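K.L.:
As listed in TrEMBL for this protein:
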- 62-173: domain '3-dehydroquinate synthase N-terminal' (DOMAIN)
- 66-71, 100-104, 124-125, K137, K146: NAD(+) binding site (BINDING)
- 176-318: domain '3-dehydroquinate synthase C-terminal' (DOMAIN)
- E179, H242, H258: Zn(2+) binding site (BINDING)
Amino acid sequence: MVTRIPVNGDRPYDVIVGRGLHDELPALVDGAARVAVIHPPTLRERAEAVAKAAGAGTVVPIEVPDAERGKTVEVAARCWDELGAAGFTRTDVVVGVGGGATTDLAGYVAAAWLRGVRWVPVSTSVAGMVDAAVGGKTAVNIAAGKNLVGAFHPPAGVLCDLDALDTLPREDIAAGLAEVVKGGFIADPRILELVEESPEGALDPHGDVLRELIERKIRVKADVVGVDLEESGPREILNYGHTLGHAIERRERYSWKHGHAVAVGMIFAAELGRLSGRLDGATAARHRRILELLGLPTTYARDAWTDLLAGMRVDKKTRAATLRFVVLDGLAKPGILAGPDDELLRRAYAEVAR
Ligand SMILES: NC(=O)c1ccc[n+]([C@@H]2O[C@H](COP(=O)([O-])OP(=O)(O)OC[C@H]3O[C@@H](n4cnc5c(N)ncnc54)[C@H](O)[C@@H]3O)[C@@H](O)[C@H]2O)c1
Ligand SMILES: O=C(O)C(=O)C[C@@H](O)[C@H](O)[C@H](O)COP(=O)(O)O
Ligand SMILES: [Zn+2]
């Protein structure tokens, strides 16, 4: 069974979820004389199969470092050199095969090449399928912070082949589920019930629970980015847990899994909501319980606060000197907390610190 989830907007496309989706590729690369396939070393075989299935013109394979090590300006520059050497034109297509880090990189490579060429994420991780590949946010990291250089560049279509999850380590399935749980708290509480009813099912790549969770989270994201591609308002809710999460990733020099940092960041955001009188205690406590059911981290170093505060100042939601956080005014009722005082921030961090 194949599910097509439409993403609306000026440049609409479908997120296609199912198993054995290679037949979907030719239509997405139709008309291209060259297809660049960007992938990490661990997914070389899968990338070769994707290139074969695309069936279009000349394949330009581009192997990049795994995970966040590939999400750099230097790696992007090498990709552009390879596109240049291959004579890549505006009708050619970039395909990113991998998790969120690889598709963020591939999307940015496509966004900047000739000021924007077609691209297709073939997503192979939970975080990639439910979040990174959907919505057209592409980026690389720099020393100053996470995703600080990038572009909004919607893909031509997104392939989420669930067969890929068979080889995804359990720790990465769990990390991706942090983004799914985020979708539960900001928009679709049924996600939270599904995880509470069957945390093992949520982590099982062969079962129906994970598929339902993936599709539900994709729908949450599609609904939001379909009305606000460039994050002029509603899209900010997708950043729940990310203000602290990105500061943790930066402090850890991108060695922490994104989903792990977001899990800690959601506990912090829930406490900010509770301590500012906006979120009830039971819903705040539910964050910790659900994330722990999935084996995700919920604490971070007590002595890190000064670094984290500095890191949060480069968050994209910051306006001038005013820090802004996504918080909840109740289950599935996200809102913005602007300019919380230092004492509130410290008290919320005390609930995370160990
Ligand atoms: N653009 C967006 O809107 C958006 C949304 C969410 C996350 N992200 C970004 O996505 C990244 C996190 O995503 P991720 O967890 O997929 O990261 P990732 O790409 O680093 O993948 C995690 C690990 O899983 C491996 N992997 C991926 N698929 C595999 C498979 N099928 N089999 C075996 N191993 C596999 C990767 O090689 C890597 O080691 C972060 O960089 C984050 O900032 C972006
Ligand atoms: O799509 C969005 O918008 C999100 O915020 C989704 C996040 O899960 C994702 O990690 C995103 O890359 C963060 O964006 P950033 O603009 O804070 O870098
Ligand atoms: Zn994220």
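Any Cβ shown, glycine's included, is placed from N, Cα and C.
A TrEMBL annotation is a machine prediction, not a hand-curated record.
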K.L.:
Within 8 Å of the Cβ centre of E179, H242, H258, which other residues of the chain have their Cβ, at the recorded Zn(2+) site?
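P.N.:
Near the Zn(2+) site, beyond E179, H242, H258, sit A127, D131, A178, K182, G241, G245, G259, A261, V262, G265.
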K.L.:
What's the CA to CA span in angstrom from T102 (NAD(+) binding site) over to H258 (Zn(2+) binding site)?
P.N.:
13
K.L.:
Looking only at the domain '3-dehydroquinate synthase N-terminal' (62-173), what are its DSSP counts of helix, strand and coil residues?
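P.N.:
Taking each residue of the domain '3-dehydroquinate synthase N-terminal' (62-173) in turn, the totals are 51 helix, 33 strand, 28 coil.
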K.L.:
Cα distance, H258 (Zn(2+) binding site) to E68 (NAD(+) binding site), nearest Å?
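P.N.:
Given the Cα positions, E68 (NAD(+) binding site) is 9 Å from H258 (Zn(2+) binding site).
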K.L.:
Which of the binding-site residues E179, H242, H258 has its Cα nearest to the Cα of D104 (NAD(+) binding site)?
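P.N.:
That would be H258, nearest by Cα distance.
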K.L.:
Restricting to the same chain and to sequence separations of six or more, state which residues have a Cβ under 8 Å from that of H242 (Zn(2+) binding site).
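P.N.:
Result: V262, G265, D315, V326.
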K.L.:
How many Å separate the Cα atoms of S125 (NAD(+) binding site) and E179 (Zn(2+) binding site)?
P.N.:
12
K.L.:
Fewest neighbouring Cβ atoms within 10 Å: which of the binding-site residues D66, E68, D104, E179?
P.N.:
D66
K.L.:
In whole Å, how far does the CA atom of H258 (Zn(2+) binding site) lie from that of G100 (NAD(+) binding site)?
P.N.:
9
K.L.:
Could you pull the average pLDDT for the domain '3-dehydroquinate synthase N-terminal' (62-173)?
P.N.:
98
